[in-house]
Amino acid sequence: MDFITIDLKERSYPIYFAYDSFDKLGEIVKKHVRSSKTFIITDFNVYPLYFEKLNESLKKSRFDVSYEVIPAGETSKTMEMAQRLLEKAYDYGLLRDSSVIALGGGVVGDIAGFVAATYMRGIDFVQIPTTLLAQVDSSVGGKVAVNLKKGKNIIGAFHQPKMVYIDTAVLNTLDKREILGGLAEIIKYGIIWDFSLFEYIESNIYEILDLEEDKLRHIIKKSCEIKGKIVSLDEKEENLRSILNFGHTIGHAIEALTGYERYIHGEAVAIGMVYACKLALNLGYIDEKYFERIFSLIQRTGLPTDYEDLHKEDIVEAIKLDKKSREAKINFVLLRGLGKAEVTTVKEEEILKVLK
């Protein structure tokens, strides 16, 4: 089975790439966790599709499996839900050498990871992402969190998984909106780090949208390699890793202001990337031609490029609560050229100029 390794010294772990191979998961997971006692967390959308396949494979490998199914969507990513799951873990008899398996998209991965990070001060954790967004973003890098009503991912930890399993066959069950949400993050990697990935997406956009397996596998693996490289250089987001938040400053503000209901995460990031590029253009960091090229690709995918019914002053206030802002300064990830990004301090009035 194809895999790459995220290099974090003693916390290094593999990301496996497969197609319709859930039957092999039990034997793979067994290599990476300390005991056979495991707790699967999934949601009501994913449960009927993949739970039995995973459960069967784990039981063939003699795992003692317990599980919990939660409502799908961002509204489950709360302290209340985390507490409920932690109490279930205790009721099921999980010990310090037990493991948590996240079977689902980004929300499931985040809250399951948070449970694993906090239960008995941290237990083993396995990621099985079932959305394109989770496969290329939240399942890689060890950031786990829950939301507060006023902000996204405010309560969290860094807790690296023992392994990640990416099965591209699951993408065939996603609707187009979910595929596009993941594609937004993949485009982001090309913009901030490796412009050859951006060019590959430009040249193969229609095949990618048609879910051609070889094209999808290429951009997913490339995205994981890019994120893995950045994480290995800056695991705790002290400096470099912050560039992964490109598009997220305004994106998170839009999500919070709309109650996490109007836009899925990738859509908000797409809008955020457009505005981050407008800001870089206004500040003279990139030229018009480069801006138009990025805007055109995002538009061609069918992702949104603008928000509706929000006041720019409210967006700025939400941005001030962003984790990237420190000492009352607004920190923004901005482009400095093709495949180059950095965190820059930006004045409030500069942001207001580009917002509508």
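Using the three backbone atoms N, Cα and C, a Cβ is placed for every residue, glycine included.
These features come from Swiss-Prot:
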BINDING   G106, V107, V108, G109, D110, T130, T131, K143, K152  NAD(+) binding site
BINDING   E185, H248, H265  Zn(2+) binding site
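Sequence features, as recorded in Swiss-Prot, placed on the structure.
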residue	record	CB count, 10 Å
G106	NAD(+) binding site	25
V108	NAD(+) binding site	31
D110	NAD(+) binding site	27
T131	NAD(+) binding site	29
K152	NAD(+) binding site	25
E185	Zn(2+) binding site	27
H248	Zn(2+) binding site	25
H265	Zn(2+) binding site	26
Should K152 (NAD(+) binding site) be counted as helix, strand, or coil on the basis of DSSP? strand
Alpha-carbon spacing, H248 (Zn(2+) binding site) to K152 (NAD(+) binding site), which is rounded to whole Å: 11
E185 (Zn(2+) binding site) and T131 (NAD(+) binding site), compared by Cα position, are separated in whole Å by 12
Please report the Cα separation of K152 (NAD(+) binding site) and H265 (Zn(2+) binding site) in Å, rounded to an integer. 11
Those same-chain residues, other than E185, H248, H265, found with Cβ within 8 Å of the centroid of the Zn(2+)-site Cβ atoms are L133, D137, A184, K188, G247, G251, G266, A268, V269, G272
For G106 (NAD(+) binding site), the three-state class that DSSP assigns: helix
Quick one: pull the CA-CA distance for D110 (NAD(+) binding site) versus H265 (Zn(2+) binding site), whole Å only. 13
Rounded to a whole angstrom, what is the C-alpha distance between T131 (NAD(+) binding site) and H265 (Zn(2+) binding site)? 12
Take the C-alpha atoms of V108 (NAD(+) binding site) and H265 (Zn(2+) binding site) and report the distance between them in angstrom, rounded. 14
Check H248 (Zn(2+) binding site) against DSSP and tell me helix, strand or coil, would you? helix
Extent of the NAD(+) binding site in Å [max Cα distance among G106, V107, V108, G109, D110, T130, T131, K143, K152]: 21
